[in-house]
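Enquirer: The following block contains the structure, expressed as structure tokens.
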Amino acid sequence: MKVFCGRANPTTGSLEWLEEDEHYDYHQEIARSSYADMLHDKDRNIKYYQGIRAAVSRVKDKGQKALVLDIGTGTGLLSMMAVTAGADFCYAVEVFKPMAEAAVKIVEKNGFSDKIKVINKHSTEVTVGPDGDLPCRANILVTELFDTELIGEGALPSYEHAHKHLVQEDCEAVPHRATVYAQLVESKRMWSWNKLFPVRVQTGLGEQLIIPPSELERCPGAPSVYDIQLNQVSPADFTVLSDVLPMFSVDFSKQVSSSAACHSKQFVPLASGQAQVVLSWWDIEMDPEGKIKCTMAPFWAQTDPQELQWRDHWMQCVYFLPQEEPIMQGSPRCLAAHHDDYCVWYSLQRTSPDENNSAYQVRPVCDCQAHLLWNRPRFGEINDQDRTDHYARALRTMLMPGSICLCVSDGSLLSVLAHHLGAEQVFTVESSVASYRLMKRIFKVNHLEDKITVINKRPELLTSADLEGKKVSLLLGEPFFTTSLLPWHNLYFWYVRTSVDQHLAPGAVVMPQAASLHAVIVEFRDLWRIRSPCGDCEGFDVHIMDDMIKHSLDFRESREAEPQPLWEYPCRSLSEPRQILTFDFQQPIPQQPMQSRGVMELRRPGKSHGAVLWMEYQLTPDSTVSTGLMNPAEDKGDCCWNPHCKQAVYFLSATLDPSAPLDGPQSVSYAVEFHPLTGDITMEFRLADDTLN
């Protein structure tokens with residue numbers, strides 16, 4: 001059955017109605033899921049297996065039958081481990097229907113159908129009794145309900161319900177315990193992901209300062225955690241202010257509460273500085289003695305950094321304190337971890353832990369609009385002074401006496417740069433109410449409310465009256481739009497340029513003048529694992545899962561690229577970067593598709609895991625900004641990526657299998673096409689052994 005789905009096209013800006021298979025959202029969820037990554041997480045799998053064996057043995061030693069409840073079974077892997085370890089029966093609960101159906105097939109293929117019952121329900125809907133899903137309560141509780149924040153996938157309510165209704169009072173639990181850790185740091189880089197810094201602009205009259213409104217200064221920020229691969233943040237980017245502090249633990253073998261709580265830990269600062277950021281992670285102990293442990297700690301907090309397990313389904317957390325606060329070395333303070341049933345947040349306090357245990361603080365919520373409009377990388381981008389200087393230098397060469405400027409980018413400070421650098425009049429278009437209000441506040445605090453005109457409408461709908469009857473001599477864009485997911489989605493600027501053509505003066509200049517799409521073939525250190533087939537996992541055949549993911553990838557995105565922040569995922573370039581397509585913003589969008597075909601020669605040995613694509617913008621003939629590679633690759637091919645942007649990754653499936661040979665083809669062929677009518681860029685990359693369609 002087909003269904004019609006409305007979708008806002010991020011490139012053209014139009015609303016499209018697409019005919020989709022009724023299960024299209026299932027396929028996307030499976031295709032972009034972390035199932036493969038979890039199956040490749042050997043440390044996780046081994047520790048779970050060890051913990052399950054120990055739990056089954058403890059129950060058997062009491063002379064009891066081992067009845068296992070596995071919540072969030074996924075592939076059924078943990079249930080199969082339990083039966084292999086000697087469990088008498090397993091009840092495997094999985095709410096996601098396609099996953100539950102796959103688990104049934106995997107369990108059957110591995111010969112465990114007589115000992116594992118897959119229940120396609122949310123665990124809170126599971127019943128116990130003669131006519132229930134379980135005939136009696138289980139005495140072993142096995143779960144994998146955790147995310148990077150530990151509790152973000154509803155672990156606490158699920159455990160709370162299970163202990164009340166589904167398991168025995170003295171049950172064994174795997175994992176047995178989880179502990180959340182925190183470390184207080186000062187970091188200009190990370191703080192720049194949360195607050196707007198004053199921006200300097202060098203003008204002919206000296207330095208001008210763009211200051212943030214007081215509302216942004218006071219705002220506690222976005223309520224959500226920022227989960228990243230913390231191992232890719234250099235220790236030089238932060239100053240440690242505290243030891244690693246165990247903030248709170250959850251014993252999963254006992255009744256768990258999902259009620260809001262606060263846990264305080266007193267510490268003595270290791271250094272004086274500005275307390276700004278809390279780095280946090282957790283570990284899980286699979287047994288009561290804590291001998292079987294799986295940790296998310298970054299390398300500097302590991303006892304043996306050489307044993308570091310890469311994983312993407314569990315990372316580390318960056319939390320921003322509501323306000324930065326000075327602390328003194330040696331002067332005791334308290335760090336408080338607050339949580340409700342799904343979220344964790346932190347505050348810095350002066351009082352003792354005992355006084356804080358009952359102090360519950362409301363979860364911080366953005367009230368300045370900026371954190372709703374700009375995500376963390378966007379804050380970092382706006383705060384990047386080198387980037388601002390780059391745009392300012394380009395603008396100086398473009399501005400002429402009497403310039404009438406129109407700025408088209410979401411929540412951009414380009415309009416302020418244009419004003420300070422001498423534009424006679426500046427208009428800026430903000431499509432959303434949030435960005436309109438935010439920019440009005442920024443202009444007001446900088447005494448620019450009468451100097452820059454903010455227009456709250458979609459740029460395609462601009463009228464001559466909006467521009468006060470004037471013709472635009474300089475059309476500006478970074479370009480940046482909040483709806484963009486892939487690098488080329490910001491080509492929306494070209495569609496805007498085309499729609500406002502009537503408002504441009506003869507000889508009007510557009511900045512950027514042009515854009516280009518670039519690609520390079522890379523070998524990833526680890527990211528390839530998220531799309532790699534597993535085949536066999538701890539002795540269990542999970543090919544059915546591999547096939548399911550492959551089917552969904554073929555259905556949704558076999559020839560699509562996916563956005564990834566590659567500064568978090570090290571890789572080596574195997575080819576030279578290639579310019580694939582060029583887009584001339586001085587001219588309206590052409591009617592005919594733009595195509596490019598070619599072959600990229602591999603210059604370095606390695607596995608061609610995929611092609612990385614990004615955009616570069618030619619601000620002037622002599623000035624270009626890149627959203628991808630920032631510098632030429634080093635001798636070994638190590639890549640340095642723009643940390644403020646996501647790049648697009650097109651995985652080459654033939655090399656993702658760990659058993660694929662290293663000495664593969666020496667070139668990659670490509671075919672890329674830009675479709676002006678839809679704004680889509682279709683692509684195909686193939687190892688030279690294959691032939692492009």
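Yeah, the Cβs are placed from backbone N, Cα and C, and that goes for glycine too.
Features from Swiss-Prot:
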| type | residues | note |
| --- | --- | --- |
| ACT_SITE | E144 | active site |
| ACT_SITE | E153 | active site |
| DOMAIN | 14-345 | domain 'SAM-dependent MTase PRMT-type 1' |
| DOMAIN | 358-684 | domain 'SAM-dependent MTase PRMT-type 2' |
| MOD_RES | R32 | omega-N-methylarginine |
Enquirer: Taking only the Cα atoms, work out how far E153 (active site) lies from E144 (active site), in Å, as a whole number.
Expert: 10
Enquirer: Who sits close to E144 (active site): which same-chain residues at least 6 apart have their Cβ under 8 Å from its Cβ?
Expert: M38, Y48, G72, G74, L78
Enquirer: Return one of helix, strand or coil for E153 (active site), based on DSSP.
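Expert: For E153 (active site) - judged by DSSP and reduced to three states - the answer is coil.
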Enquirer: For E144 (active site), what is the secondary structure state per DSSP, taken as helix, strand or coil?
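Expert: Looking at the DSSP assignment, E144 (active site) belongs to neither helix nor strand, so coil.
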Enquirer: Among all the protein chains here, how many other CB atoms are within 10 A of the CB of E153 (active site)?
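Expert: There are 15 such Cβ atoms around E153 (active site).
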